[in-house]
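Trainee: Can you read through this structure? Questions will come right after.
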Amino acid sequence: MPTDTNSIIALSKSIGKLAREFENGATPSKEVQQALVLASEQLGVAAREPDDNVYNISGQISQNAAIRSAIALNAFALMPEDGSTITVEDISTKMNADPELVGRILRACASAHVFGHPTVNEYCHNNLSRVYLQGDHRQLAAQIYDFTGHAVLAIPDFGEEKQWKSMGDYVRGPFQLGFATDLSYMEYLQANPQRLKSWNSGMRTGKIGHRTSAFPFDRALELDPCGKDGIAIVDVGGGRGQALEGIHQDYPNLEGRLVLQDLPDVIKDAKANGLPDYIETTPGTFFDPLTAKGARIYHFRRVFHIWTQTKALELLENTKNAMNDYSRMLIADMVLADVGCERDLAMQDLNMMSLGGMERSESEWTSLIESAGLVLKKIWQNDQGPKHAVVEATLPTFKGHGLE
């Protein structure tokens with residue numbers, strides 16, 4: 001019998017109460033949805049025997065291997081989209097693969113609720129497996145398994161090697177140990193065009209590539225205008241310019257110049273892939289002195305999590321040198337809770353640990369910003385929660401308008 005009977009009863013009541021928020025076609029808040037997910041996960045832990053919980057957690061590696069194998073076999077695309085069943089023999093023929101092997105992989109996926117398994121040797125799509133019909137989601141799953149996975153698995157060995165005093169950095173850490181390479185992870189990606197293509201495709205998914213919708217760009221630039229010839233936004237490390245394009249789409253009447261800064265090859269790729277003419281470009285690394293000085297906004301999207309505190313501080317100080325008394329620094333990144341951090345955010349921090357970076361909690365962001373002699377004005381949260389927060393910082397001498 002489960003050993004946590006009291007929790008089972010309490011959590012069941014809580015889930016029932018939260019579930020009523022979904023009745024009659026209502027759309028609950030993000031907070032209600034997150035509370036329901038958390039309570040459901042806690043109920044699963046309480047309902048299992050303690051030993052079963054250990055085995056369930058340990059087996060998640062095999063679950064991911066099954067899904068990755070299904071992607072390699074193209075099972076998601078070959079499964080009938082209308083939800084009708086297909087036999088193992090039929091789908092194996094389409095895959096040109098051994099039926100017994102395919103059946104075992106599909107069985108493992110279905111046990112994790114990816115695919116339905118209504119009858120013997122027959123499988124079908126369900127709501128979860130249909131998510132993988134979108135190619136970018138398959139690319140993301142493959143990217144995390146193939147790339148981050150090897151690095152994460154090396155964390156314990158690297159920690160032992162360093163006697164748990166350090167987890168290394170961008171150029172020497174679990175990633176280099178896991179892949180037996182001296183290259184940084186970005187150099188490793190760029191050395192293989194197909195690997196880089198897969199990475200970029202995975203990064204386009206909504207949960208990873210969401211733009212900075214939490215911050216009121218229009219209000220900030222209306223209160224502190226830069227004029228049509230002034231620099232409104234510099235997107236540092238902005239890749240193909242997706243964030244600037246998104247901001248322009250959301251706020252088409254913004255006045256001022258939009259500038260993309262990234263490595264020369266990245267900018268060349270951006271232009272080859274249709275970078276709009278309204279976006280100017282300037283080549284440079286994160287740590288080169290910024291040539292676009294006195295911009296109203298210096299924007300960093302999913303950049304700081306690449307770096308440890310030491311390099312992040314260097315990046316802040318480099319940007320600080322380009323700012324004036326009307327400049328804002330916007331850091332679009334995750335903000336982890338100091339207490340009760342969500343599991344996927346905590347696991348993402350370990351993903352970044354394996355690559356030599358880190359996700360940061362609110363107190364860690366505050367400490368980092370203040371150590372650079374900057375002022376943390378506000379952490380902006382949008383309706384997607386802490387996965388898509390924006391940290392706003394300014395010089396202590398800031399003369400612009402507050403947005404609170």
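Glycine too: its Cβ is placed from the backbone N, Cα and C atoms.
Straight from Swiss-Prot, here's the annotation block:
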type	residues	note
ACT_SITE	His305	active site, proton acceptor
BINDING	Gly237, Gly238, Asp262, Arg301, Arg302	S-adenosyl-L-methionine binding site
Trainee: A 10 Å Cβ contact count, applied to the binding-site residues Gly237, Gly238: which residue has the minimum?
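Mentor: Fewest other Cβ atoms within 10 Å, among the binding-site residues Gly237, Gly238, is found for Gly237.
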Trainee: With H, G and I counted as helix, E and B as strand and the rest as coil, say where DSSP puts His305 (active site, proton acceptor).
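Mentor: DSSP call for His305 (active site, proton acceptor): helix.
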Trainee: May I ask for the distance between Asp262 (S-adenosyl-L-methionine binding site) and His305 (active site, proton acceptor), taken between their Cα atoms and rounded to an integer number of Å?
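Mentor: Given the Cα positions, Asp262 (S-adenosyl-L-methionine binding site) is 17 Å from His305 (active site, proton acceptor).
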Trainee: What whole-number Å value do you get for the CA-CA distance of Gly237 (S-adenosyl-L-methionine binding site) and the residue listed as 'active site, proton acceptor'?
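Mentor: Between the Cα atoms of Gly237 (S-adenosyl-L-methionine binding site) and the residue listed as 'active site, proton acceptor', the distance comes to 12 Å.
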Trainee: Give the maximum pairwise CA distance in Å, whole number, for the residues Gly237, Gly238, Asp262, Arg301, Arg302 listed as binding S-adenosyl-L-methionine.
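Mentor: Overall maximum Cα spacing for these binding residues reaches 13 Å.
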Trainee: Among Arg301, Arg302, His305, all listed as recorded positions, which has the most CB atoms within 10 Å of its CB?
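Mentor: That would be Arg301, with the highest Cβ count within 10 Å.
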Trainee: Neighbourhood of the S-adenosyl-L-methionine site (Gly237, Gly238, Asp262, Arg301, Arg302): other residues with Cβ within 8 Å of the Cβ centroid, in order?
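Mentor: Residues close to the S-adenosyl-L-methionine site, other than Gly237, Gly238, Asp262, Arg301, Arg302: Asp235, Val236, Gly239, Ala243, His299, Phe300, Val303.
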